[in-house]
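Trainee: According to TrEMBL, the record shows the following:
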DOMAIN    B:19-57  domain 'Essential protein Yae1 N-terminal'
REGION    B:127-174  region 'Disordered'
Amino acid sequence: MEDELIWNDDSRALQDSEWSKLSSDFTNAGYREGITAGKESALQEGFDDGFATVGAPLGRELGLLRGMASALLSFLSRPANSEKQIALEEARDIVAQLGDVRFSDIVPPDLEAERHAREHLEAEREADDDADLEMNEELKEKRAVETLEDMMKRMGAGSISSVETQTTRPTIDDVRRLKERLVSLSEGIGIPLQWS
Amino acid sequence: MDFDLEDLVHVEQTFYEHGYADGHAHGRVHGLIEGRALGREKGFEMWEELGFYEGFASMWQAIHSSQSGPDDRTTHHTKQLLELIAQFPRINPSATDASDLDIPKLFRQIRSRYKALCATLGVRPTLRSGVSSSPTRQTDDPAEAPEGTRPDASRKVWPVQAAENQRPREDLNF
């Protein structure tokens, strides 16, 4: 009698655990294949979006400035313009500074990517919390915050540093200033510019 | 026991499909993010180069119209170059398939027109077409690097472009 009860309990427990194993095995297998398929289905769409909305216009903007500055520098380097030393130096400096700008310096942050990264971070934290509930809550909190801070720092690296000198990376504001310098240099030597 | 194998198979399928749907949604987010990062980079690389030629040509145009009287050959080259660049798509052509453009050919024409313009002006074709040793330039000339030799970071662009290449005339892979 007692034996039977125990057997029943065990059997029930066994059934439950078999059941949840079955459930999680198949769910996980589906998830794994789903994530791959989902990713592949969206890559091209993301690519086209990034190309058209950010990459091409941003690249063109910088390229235009570089091309114009380069042409102006060649023009001012001609012997006929040998009296325009100051303008020549200015052109040279603009060219050099524009040449230093990288894609990573001026690309705007991908907000959706950042939000998703934060979601992952939170999910990770929850998983950690579940795993060892009573373990050093404070430390984990701190670590997560630090990771976030690092991320924010990397994202915002540009905007704070523009006043500091050569050692920091140029920013989109620097590019804007270089554009103004280019325009006034060009107008200063009698070449009005029109922007397409 | 009212055990039916059909039911069990069905249940497995249901679990799988549930997982698949969740995974697919999550994967889409990652695909969009990753694709966007690659597209931003690629679009930037291409249009930075094209923009350079465009800026170069329009500055010389401005110089010639405001300074010395325009010289015929220069005018011709700048005009041609700007016309070619104006044909170049600013969105990934795979998104619009309507175009009959041969992109690699157009890119070649633009580059050689730029070089011709430089020759006419007596200017060395700086920065782009030569082998530039300037360290800040290394990553800016993707077009000069043969396919597949680019650094790891951008490796993953090829799956996207491989997909494009399967359709006619849509590759951005120069």
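Numbers here mean position along the shown chain, with the first residue as 1.
Heads up, the Cβ atoms here are built off N, Cα and C, so glycines get one too.
Have a look at these and tell me how they're positioned relative to everything else.
Mentor: Within the model, the domain 'Essential protein Yae1 N-terminal' (B:19-57) carries an average pLDDT of 95.
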Trainee: Can you break down the domain 'Essential protein Yae1 N-terminal' (B:19-57) into helix, strand and coil residue counts using DSSP?
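Mentor: Computed counts for the domain 'Essential protein Yae1 N-terminal' (B:19-57) are 39 helix, 0 strand, 0 coil.
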